[in-house]
Amino acid sequence: MGAGCVKVTKYFLFLFNLLFFILGAVILGFGVWILADKSSFISVLQTSSSSLQVGAYVFIGVGAITMLMGFLGCIGAVNEVRCLLGLYFVFLLLILIAQVTVEVLFYFNANKLKQEMGNTVMDIIQNYSVNASSSREEAWDYVQAQVKCCGWVSPSNWTRNPVLKNSTKTTYPCSCEKTKEEDNQLIVKKGFCESDNSTASENSPEDWPVHPEGCMEKAQAWLQENFGILLGVCAGVAVIELLGLFLSICLCRYIHSEDYSKVPKY
């Protein structure tokens, strides 16, 4: 390998590791977001889905190690440190294997996540209290208000709640209440509301002034959109990792041959 080719390889490897470092930060940030988000469907899933939490911690670990390896790769490439490049290659290969494993698990557990979300939402609805004081009740109120939906499949899911089931007045979940289209300010109401102009003798969902759509389809679209973005980022990182592996091998072989040529021969 000529000196000019080696120089190009060094700086290409440096550039790839810089991108690698940035994408590692994105993966780490995604894992932190899964754990910290309290205002979307993720916050509802966290209460029951251990697989989602495990996946989040894996993303944080992989992202942190990826950033470290990107840093080591930059130093090893610029200074031609063979031991650093070898260490970089080994860890990069392990990261790639772990990353592919997590992606496969997320892909094949998509239906399980959807089922877990449905079970969690129905449990929240059935046990929803008048004060709505728990974190998961507050999270579901936020979801219904933000996405403009009510219940899981439909608003009638709320009839399983004892408070609404036993009410003789037109009582409904406040976070489901319809808002004016021109009102862009998000106001999240909690608990149950009573209709002022109620004339019905029983509490029927048909009489509720709420959004008619359930949240299931919107939740599925949300999951597909966000996990699609995640898989796209991970695929981009995987391509950079493969290029990094190839370039690190080339540079390691060159450094080894250069060191060997400097050994005096008798």
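All residue numbers here begin at 1 and follow the chain in the order shown.
Note that Cβ sites are derived from N, Cα and C of the backbone, with glycine treated the same way.
Judged by membrane topology as recorded in Swiss-Prot, C74 shares a side of the membrane with C252. Listed in sequence order, K190, G191 are the same-chain residues at least 6 apart in sequence whose CB falls under 8 Å from the CB of N131 (N-linked glycosylation site). Distant neighbours of the topological domain 'Cytoplasmic' (73-83): 10-11, 13-14, 16-18, 20-21, 92, 244, 247-248, 251-252, 255-256, 259; these residues of the same chain sit at least 6 beyond its ends, with a Cβ under 8 Å from one of its Cβ atoms.
Mapped onto three states, the DSSP output places C74 (S-palmitoyl cysteine) in helix.
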